[in-house]
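Asks: My questions all concern the structure below.
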Amino acid sequence: MMSGSSPPAPSLPAGSGSFFRGYTKLCKGLAVILILVHFVVQLFPSAVTYLALIPARTIPFAWNLITAGYVEQTIPGVIVSIIGLLLFGKLLEPLWGSKELSKFILIVNFSTSACVFITAIVLYYITQQEIYLYTPFSGFYGVLSGLLVGIKQLLPDQELNLFVLKIKAKWIPSLVALISIIVSFFIKDLMSYLPVLLFGIYMSWIYLRYFQKRLETGLKGDPSEEFSFSSFFPEFLRPILDPIASILHRLLCGRSERSDARGQTLDTSPLPGSDSIEANRRRERGQRALEQRLAEKLAAVRSSEGTSLDAADKV
């Protein structure tokens with residue numbers, strides 16, 4: 001028989017569990033929903049008819065405007081959606097708060113599905129091809145692309161390492177849209193994901209640009225030039241796009257700007273450049289929050305290293 005104390009259990013290397021730390025309850029809960037819905041669809045394939053967005057059946061099954069965004073029909077789709085949700089939510093939720101992030105996801109998800117539905121109906125009446133009515137649209141990619149737009153707004157100059165390239169966060173939504181359009185020409189199965197992704201980018205920008213309430217000022221939207229519609233495109237295209245974008249701006253903001261102008265004649269006029277100052281302040285807060293999280297993560301790793309060294313000395 002062997003005597004003495006048993007050898008200590010092997011421990012994980014310091015910092016190996018750091019990837020699984022820091023994710024919020026909201027994002028974890030949504031990740032569980034994505035997994036559960038995927039299992040339901042795999043066990044009961046007919047559930048796709050009731051949960052995915054099939055334009056011909058949306059009128060009786062209107063709830064699929066909400067449920068379609070949470071239906072991932074493939075395992076790679078589930079994995080990409082969960083990883084993206086956890087990583088992007090980890091950046092945005094500390095800056096927005098759980099309530100605002102939940103509101104953002106619900107609005108982008110629903111508005112994206114509504115736009116896909118309307119587009120499919122219009123294309124059917126133009127082409128008379130039933131494929132537009134009976135193609136099931138689903139996936140969390142609309143929300144994921146919307147979260148990328150949120151990162152573009154708050155942390156535009158944050159550099160991300162993509163393989164051998166360093167790309168600023170403000171160009172990521174545009175790059176994702178461009179790559180998706182190119183790939184869809186060669187892989188026809190990905191064509192059904194393209195409208196979800198593109199409308200996710202556009203509807204999230206509309207919400208953040210015109211409707212998101214800023215708690216620090218009580219105002220709505222982000223009117224800065226750095227977050228204009230043309231900021232998603234290269235410089236040489238902006239003179240062409242700005243007049244087109246101004247039409248949408250007048251439709252969405254015409255009344256509010258006129259009422260604000262009346263109020264300002266009775267009160268005081270805003271300071272010149274206040275919009276850009278407010279946008280810079282928001283980005284500075286986002287940058288400080290990101291640096292604080294990185295510092296906390298580094299401190300946690302160092303403390304775990306110190307704990308493991310103390311344990312080794314005792315042994």
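Along the chain as shown, the residues are counted starting at 1.
Each Cβ is built from the backbone N, Cα and C atoms, and glycine gets one as well.
Grabbed the feature section from TrEMBL, which reads as follows:
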TRANSMEM  30-54  transmembrane segment
TRANSMEM  74-92  transmembrane segment
TRANSMEM  104-125  transmembrane segment
TRANSMEM  131-151  transmembrane segment
TRANSMEM  171-187  transmembrane segment
TRANSMEM  193-211  transmembrane segment
REGION    261-285  region 'Disordered'
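How buried are these features, and what lies next to them?
Replies: Tertiary neighbourhood of the transmembrane segment (30-54): same-chain residues 61, 64-65, 67-68, 70-73, 75, 78, 81-82, 85-86, 89, 105, 113, 116-117, 133-138, 140, selected by CB-CB distance under 8 Å and a gap of 6+ residues from either end.
If you look at the transmembrane segment (74-92), the same-chain residues 6 or more away from its ends with a CB under 8 A from one of its CBs are 22-24, 26-28, 30-31, 34-35, 38, 101, 139-141, 143-144, 147-148, 150-151, 154-155, 290.
Long-range contacts of the transmembrane segment (171-187) within the same chain: residues 145, 148-149, 151-152, 160, 193-194, 197-198, 201, 232-233, each at least 6 residues beyond the stretch ends and with a Cβ under 8 Å from a Cβ of the stretch.
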